[in-house]
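Below is one structure, written out as structure tokens; the observations come after it.
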Amino acid sequence: MPLVHLRQQHLLICGVLLTGCQLFASGRLLSPSVFDDDHLDDTEDVRILEVGQRVLLPCDIEAVQDDSPLRISWFKDGQEAPNYIAEDVLKRGIWNGHHDISVAWAGRAVFSVLSDPARLELSKLAPADSGTYVCFVEFHRGDHKNTTSRIIVGLPPSVPMIRTVEGAVIRDKVGPLREGANLTLVCTVEKGSPPPTVLWKKNGQLISSDKYSTNSSFPGDNDEGALSILHYGPVCRRDLLHTFTCEADNVLMQTPNMLKQQKRSVSVVLDLTLSPLMVTIETALDPLNADTSAEFRCRVTGSRPAPSLHWELSGWNASRLDSFAFVEGSDSGGGDGNSTSSVLVLPLRAEDNFKNLTCIAENPLIENRTWSHVLELSIHHLPVVRLSLGNRLSESHIVEGSDVYFECSVQSHPPASEVFWSVDGRELRSNASAGVVADESFLVLRNISHRLSGLYACTAINQRGPASSNVINLAVKYAPRCVSSQPSALVYTSLERAIEVVCDVDAFPAAELNFQWMVRNTSTMQQPRTLNDFVINGSHSILQYRARSYVERSTITCWANNSIGGMLGEPCSFNIEPKGVPPPLTRCIVSNQVGAGVPPWQVFFHVQCMDERRMAEAEGETYLLQLFLAESRTLLQNKTSSTPSFHINNIPEGTECIAEISPVNEQGRGDPLRLTIQNIPPPSRLLTSSTTKVHLFSGLSAVADGCPPILLWLLCVGALRSRAIAGIRSSALVW
């Protein structure tokens, strides 16, 4: 193109803005027939633009067969009057032609015919500029052509906001909601032209449109924006932590510039309050053994938020137990992945066997509801054995002759294989003839005797070993009975000295004994009289009794009673008799001894008598020995001793003597025991030879056993004759 033409065209473009208003003021209109289908090209250029941007609309003005444009008109949306006209009235070329512009485009429209193709620049676009633009070109030779463009001018959607029904903005998370609740979300898009389309997605997947409703404009504002309400529900466990997205879109979001930007969307995550799915108690020990500690784990799954856990043992809060809780795992959306555990260390006791151990879970957001698991404890333990007396029996009042029965209660896990009874540590078996009947639960003692008093227990045995019950001390009460060990015949030796009479009884209780003494003089047959000079010491009473005469013969009787009753059987009875003179001695032994030295030898005799009475009966007595010549009854010696033992010497040689030994007391002298003692000369004096020396001694013992004197004499003479050769030098006879 020639430079002059370029300069003319440039001037033409610059002058358009100044003359446009005058053109349209002249009222020149184009025929609307330019929008007929016959006059429109099939080519349509669609542009999507934001408010405030500019657009370049092309116009094909290329002539055919050396023709040139006569008139170029720009129409919008079928309007009868063009918004812009360029006309070559003077046939100097369209670039030097006359240009007219409408008021709506004034200051915003510039048409350049120098570019290839020619272009209409429209700036400061507004939504009202959206529409179809037609550039209609008429040529000098009558041909015409048009170029069609379509532009859409609008606003991209603003970032949506999700709100509650009440209007509160929800950020990041919605809830927590209970299972079964309905979810209502309100999505507002305050700006967007054309009005945006609102879509709801769950975890990136479109939600069916029947779940929500959308208004094309935001209530109370311009026609821009949109509002959509989502109704979803009822929610369930699988919806936990699912993402709900509100996405706004219009045609502007499809432009290359907008496609590079992020989607206009907002998302929230649904949080739920979930009840526990399962509560379980676990333990690694089987079986559980008493007197040890066991660890129990309570595991709760599916609860959101994490539950609080506590333990109970048969309804009682296990505060004595050591436990701690912790959260295991995490929940990624399934609602059952989280797990909370509590570990309990429980000291196992026999009394807790078959009790219920309960783990209780509580969701802090769900009121008035708990979830639990109950585990019945099976604890192996030694038998727990309890012994008790039968009903209506009192341990403190078991009386001889009554029936007694015991009950043995055994709690054993595993069950006891054997139960047996014992008294004082010795096993007690059934003996029907003795009135003893025993089985695993009961022990019956019929017509009980005090001999069955003792410490009773029952013992049970199971796989863990034996265990004994408590001990019951069965003390059978019984009335007194005489057990006195004192001789029934008592003698008195003096009216001044009291006789001590001891009355022993066997009774229980012994501390409550009462004694009664009575005496009856059998020699005078007087009426019995009560004696009061006694003391009580436990189960025996001691009476001090003085006879009233040396000829008194009496019977003393002792009774006793306690809370059970009076004397069983005969009372204790004692016969009191005067001592009188002592009885004679019954046995004496005489031995002789020859003294050493030069003849004549000295002969000694030793007499030892036996008193077979008890020392107490012989108390206060002395013994008298009188030595007489056998022929003349002349008294040679008179000896007294406190014991029946005497030493006799100085008996004339060849003399036969009689020794009388008598016991003596206050009543007089008892009958004597007589001994004949002979002092026989030594054998050497009977021999003719004086050279024979005999250094021998021997003795003869005479025993008075009631033999007649003549027999003793013959025995002694025979003994002397048989031993004369051996040198018998003395002899003794007893009668």
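Positions of Cβ are set from backbone N, Cα and C atoms, glycine also.
Features reported for this protein in TrEMBL:
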DOMAIN    32-153  domain 'Ig-like'
DOMAIN    160-267  domain 'Ig-like'
DOMAIN    276-378  domain 'Ig-like'
DOMAIN    383-473  domain 'Ig-like'
DOMAIN    480-563  domain 'Ig-like'
SIGNAL    1-27  signal peptide
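When the stretches 32-153, 383-473, 480-563 are ranked by Cβ pairs under 8 Å to the domain 'Ig-like' (160-267), first place goes to 32-153. Sorting the domain 'Ig-like' (160-267) by DSSP state (H, G, I as helix; E, B as strand; all else coil) yields 14 helix, 48 strand, 46 coil. For the domain 'Ig-like' (480-563), the DSSP-based tally of helix, strand and coil residues reads 0 helix, 46 strand, 38 coil.
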